[in-house]
Amino acid sequence: MSPERGPVFLARRTYRRRRLADAARLLPIVGTVLICIPLLWQGEGASGATRTTMAMFYIFGLWVILAAIAGIISRHLRAAENKEPPRGAGS
Amino acid sequence: MAILNVLALVCLLYVVFLFTVAFAADRAARHGRGKWLRSPYVYTLSLSIYCTAWTFYGAVGFAARSGLEYVTIYLGPTLVMIGWWWTLRKMVRVGRSQRITSIADLISSRYGKSNLLAVFVTILAVIGVTPYIALQLQSVTLSFAAFSETEQAGAALPDMQSTALWVAMGLTLFTILFGTRNLDANERHHGVVMAIAVEAVVKLCALLAVGVFVVWGLSGGVSETLARIDASEIARFEVPGSRWIGLTMLSAAAFLCLPRMFQVMVVENEDEDHLRTAAWAFPAYLMLMSLFVVPIAAVGLDVMPIGANPDLFVLTLPLMAGHDGLAILSFLGGFSSATSMVIVAAIALSTMVSNHMVMPIWLHFTGGSAVISGDVRQVALLARRLSIAGVVFLGYLYFRVTGGGAALAAIGLISFAGVAQFLPALMGGLFWRGATRTGALAGLGVGFVLWQYCLFLPSFGPSMIMPQTVLDHGLFGLSWLRPQALFGAQDMDPLVHAIMWSMLLNTGAFVLGSLLSFPQPIERLQGAQFVNVFDHSSTTGGWSGGMAQSEDLLIMSQRIMGATEAQALFATAARRQGLAGYLPEPSPDFLQELERELSGSVGAATAHAMISQIVGGAAVSVEDLMAVADETAQIMEYSSQLEAQSQELARTARQLRQANEKLTQISVQKDGFLSQISHELRTPMTSIRAFSEILRDTSDLTAEEKSKYSSIIHDEAVRLTRLLDDLLDLSVLENGQVVLNTQTGLLSDLLDRAERAAGVQVGTLKVERERAAEAFELTTDLDRLAQVFINLIANARKYCDGDPPILSIRTHEVEGRLVIDFTDNGSGIPSEKQAVIFEKFSRIGETKAGGAGLGLAICREIMTRLDGSVSYLPGQKGAAFRVSLPLQRRMAAQ
């Protein structure tokens, strides 16, 4: 975990894998922020601008996208890890 | 009544089907078949016990009451799943490497295998989850009731209590049959997991079928459905931000902390890799589960009569439309959700109860020793079975006592909030090495009390348990202690209010307690292993098993693991240690392995306690901790030891090489001496023979010639005698047979005598002396000492190649010893020869003066006898010898 443990410049594949792990870490944070977006819509006047159906489309669309991205990331993480057995799963 | 009978039959068939599936899966797993059992999709589907009957029926009710808010219950777990790289990966790794059996086990393991903590977590979990089990029983009975309502009124309404009792009994039977098949709770329950996976498919299909029916059957298409939603009471998205965020966080926390989720996610996990699939597949499953909830709710609100229970829309909508088949499928969906939840929750809770409460108590009452007679294995299994029955019965009791009213419907989120109290201790334990047992206990205690006070007790309704006055005016009339407006936080949603305060103060107490307390060595060790699990997932540590009796350990293990397994384990360990038979040395490694094996059966804390009883209470010492926790230090120390050893080896090798060189030289010298001595003996003998023959055979010799030849023969004989004398002298000296003739005299006189005797004449060698410094009176064997001096001076005379040759003799006193240096101005003795000149037969180069190489050897022997020494003094201009003598003799003589 300390910087001096590994080489200064990683092989391209290792580098890619590290960035994928970063993406995997980042995804739930991005997801949390995006899930909170509908809360911002509520202030738009008393006429009931935000319809449930609209929020539904947003939320379910987001849901599908998040699952898809998670799928892509974890699939590539697996492929990358298989090619790089010597290093531990640690980051 | 027909439909009820059909329903009962379908239920029965379904249960038989589940038993068959579980049985087949168990069988396949035991025979090593069934790779599909270990599929990541089975794992993903088993996670779906998150969706209980409360979510199957309740989500629609939730949506009918507060619109889209229900999705938060599914969004939280989605975020946790897609963030698997953060937490789940670590939890699963820790769970596998430490052979964790439950969340209580994980927390107790992390904080030094503390059983107190385990008991605390177990109690909290039982209190939090029991109402949830009651909720499942309620949903099943309610759905039965929904069917009976469509029948003619009064046609023998089934007794709700008895329905619940039957369901509870059936579930207990199933759980005991498939959940306690093997004692090692760490092994997968293939049958149970497979049954859950099947149930997951059933409930998803049921809900999707109802959804499709509502959207395309009742409403007539997507756009019409959307129009209906827009026209309904829940058309507007009016979710308070605090609830939206609070509930998402709560469901995420509960997803990690619920004992049943921990069971399927961590304990039943077959392969860490399955998480990768679950990371996207489970969010997708949750999405599908919640996809049709709002349409069903909106259409239900529109179609159903006012006052109909929205919780049962999933069931009543198809029933009202006359689709009995769909209704039965929907019922099965709800039934699956309820049963799978109860089964897994019962397994998880019973593991906790039996490992952390029943077993320690049993061990305590049976004399506190695991070595006493009695089959621990049977006791452990019985404890687990009884615990299962107990947990389900508690749920049933709760259901009966509360009467299955509206109070129960709210229990889902309350239960979530209860188990979420584990979160700070759990996350802190996984990510913060500074987290301590004291902190965990403080946090859990504070969180538990606040949850009880703010949420759980008020949930029974006013004046049920908590008096109305307390609700209105606070405890002891202190208004800032009002359960739903703590510290003056008024007008908040009670749920969000309780979550906020309990989690905040829980975390605060946890952090503060950890900062202020000091952990025990074993806590620090476990902390390092949990937090840095990816660096070294192998070791937990610290048995110093010197006193452990392998046989006692074997007896104990046989009782817990079964004779065959225990013997196999012991035999393998013995073989690894290179021993025959069944009893390995109780090495720390072996004890650690054994403890881990046992902890799979009885939990980490109990296993630790049992082994420590036998090993002699040896817990982790600070030394162990230092050694194990900081492996790098150990390795570094080891390598430096190796380095030191190799340096020592190199030194020894050098010394050996030197000795060998010396031996070789000595051998060469000996050979040289033999040829020399024969030469030395032969030359005089030859001349003696030749001249004596001349004297004998030649008659006309002049007197002068006779005299000359005779003197040659005499001289040669003298030379021979001298050589033989030397050899004899050396032999006597070496054998210690010499008798010292002690006299007293002056050093200067001795040197004068030696100079004369050495044949020093003007022109051959100049001797430089400092007579003033030679005024020492010696009491020793002066003749022998003179012999040494003579030898040294004669050597200088013979071998010094200076021009002109000069020998300087310097005398001084060093540390109570008289030191006399004989230094000439020749080319000295080459360094490779310096080591051997004092050896017998040693000669430098070709002899010029016919020495036999015995002089210096004799000198050394003499000086040894006189308690002094003679040595070569390197680093002078020419050859230099130092003679040193003790001066005590002189002092004693005075």
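Placement of Cβ uses the backbone N, Cα and C atoms for every residue, glycine included.
Listed in TrEMBL for this protein:
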TRANSMEM  B:6-29  transmembrane segment
TRANSMEM  B:41-64  transmembrane segment
TRANSMEM  B:70-88  transmembrane segment
TRANSMEM  B:116-135  transmembrane segment
TRANSMEM  B:163-180  transmembrane segment
TRANSMEM  B:192-216  transmembrane segment
TRANSMEM  B:244-262  transmembrane segment
TRANSMEM  B:282-306  transmembrane segment
TRANSMEM  B:326-349  transmembrane segment
TRANSMEM  B:382-399  transmembrane segment
TRANSMEM  B:405-432  transmembrane segment
TRANSMEM  B:439-460  transmembrane segment
COILED    B:628-669  coiled coil
DOMAIN    B:676-889  domain 'Histidine kinase'
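With pairs at least 6 apart in sequence, the transmembrane segment (B:70-88) and the transmembrane segment (B:326-349) have fewer than 3 Cβ pairs within the 8 Å limit; the two do not touch. Sequence-distant residue pairs (6 or more apart) of the transmembrane segment (B:6-29) and the transmembrane segment (B:405-432) include fewer than 3 whose Cβ atoms are under 8 Å, leaving the two stretches without contact. Counting residues 6+ beyond its ends, the transmembrane segment (B:192-216) has Cβ neighbours under 8 Å at 18, 21-22, 24-25, 37, 41-43, 45-46, 48-49, 51, 56, 174-175, 178-179, 222, 225, 264, 268, 285, 288-289, 291-293, 295-296, 299, 314, 317-318, 321, 323, 326, 329-330, 332-334, 336-337, 339-340, 343-344, 347 in the same chain. Scored by C-beta pairs under 8 angstroms, the transmembrane segment (B:70-88) has its highest count with B:244-262, from the stretches B:116-135, B:244-262, B:282-306. Proximity of the transmembrane segment (B:244-262) to the transmembrane segment (B:382-399) is not established, fewer than 3 Cβ-Cβ distances being under 8 Å for residue pairs spaced 6 or more apart. Contacts between the transmembrane segment (B:382-399) and the transmembrane segment (B:41-64): absent, as fewer than 3 C-beta pairs lie under 8 angstroms at sequence separation of six or more. As a quick check, the transmembrane segment (B:41-64) and the transmembrane segment (B:282-306) clear the bar of 3 or more Cβ pairs under 8 A, pairs 6 or more apart, so the two touch. Within its own chain, the transmembrane segment (B:116-135) is flanked in space by residues 52-54, 103-105, 107-108, 258-260, 341-342, 345-346, 348-349, 352-353, 355-357, 391-392, 394-396, 398-399, 402, 404, 408-409, 411-412, 414-415, 418-419, 421-422, 437, 440-441, 444-445, 448, 456, 603, 605, which lie at least six positions past its ends and keep a Cβ under 8 Å from the stretch. Long-range contacts of the transmembrane segment (B:282-306) within its own chain (CB-CB distance under 8 A, at least 6 residues past either end) are made by residues 44-45, 47-48, 50-51, 55, 59-64, 67-68, 70-71, 74, 77-78, 81-82, 200, 203-204, 207-208, 210-212, 214-215, 218-219, 225, 228-229, 231-234, 313-314, 316-317, 320. Proximity of distant same-chain residues to the transmembrane segment (B:163-180), defined by a Cβ-Cβ separation under 8 Å and at least 6 residues beyond the stretch ends, is recorded for 15, 18-19, 22-23, 26, 137-138, 140-141, 144, 189, 191-192, 195, 338-339, 342-343, 346-347, 350, 381, 384-385, 388-389, 392-393, 395-396, 399-400, 404.
If you take every residue in the coiled coil (B:628-669) and average the pLDDT, you get 75.
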